[in-house]
């Protein structure tokens with residue numbers, strides 16, 4: 001079973017990373033559009049679990065299994081460093097995107113009601 005994880009490690013990391021970014025979008029959507037603290041925390045937990053858990057787990061297991069620093073470990077380290085260093089800027093961009101999309105939808109609905 002463990003060998004299967006290492007065999008498909010790139011797929012696992014790709015799927016988890018995509019899931020984490022989608023959950024991050026919905027996290028801000030819940031915060032801004034729905035104004036729901038519960039959903040914000042739920043999607044925040046999903047983003048955190050899928051964004052960091054598999055990265056740390058597979059990276060550490062891969063290192064102990066191979067006993068060398070390979071491309072996979074370097075990619076994992078780069079993804080984690082980018083996430084830690086640039087999170088505030090990325091957070092601002094995503095929040096601005098959700099605000100823009102929500103405001104555009106509000107304007108569209110306002111014009112439809114006005115006619």
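Just so you know, glycine gets a Cβ as well, placed from its N, Cα and C.
Residues 39-40, 43-44, 46-48, 50-51, 53-55, 58, 61-62, 65, 72, 75-76, 79, 94-95, 98 of the same chain lie 6+ residues outside the transmembrane segment (6-28) yet bring a C-beta within less than 8 angstroms of a C-beta in it. The transmembrane segment feature in TrEMBL is assigned to 6-28 (among others).
Here TrEMBL flags 40-63 (among others) as transmembrane segment.
What TrEMBL records for 69-87 (among others) is transmembrane segment.
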Sequence-remote partners of the transmembrane segment (69-87) [C-beta within less than 8 Å, at least six residues beyond its ends]: 9-10, 13, 17, 51-52, 55-56, 58-59, 62-63
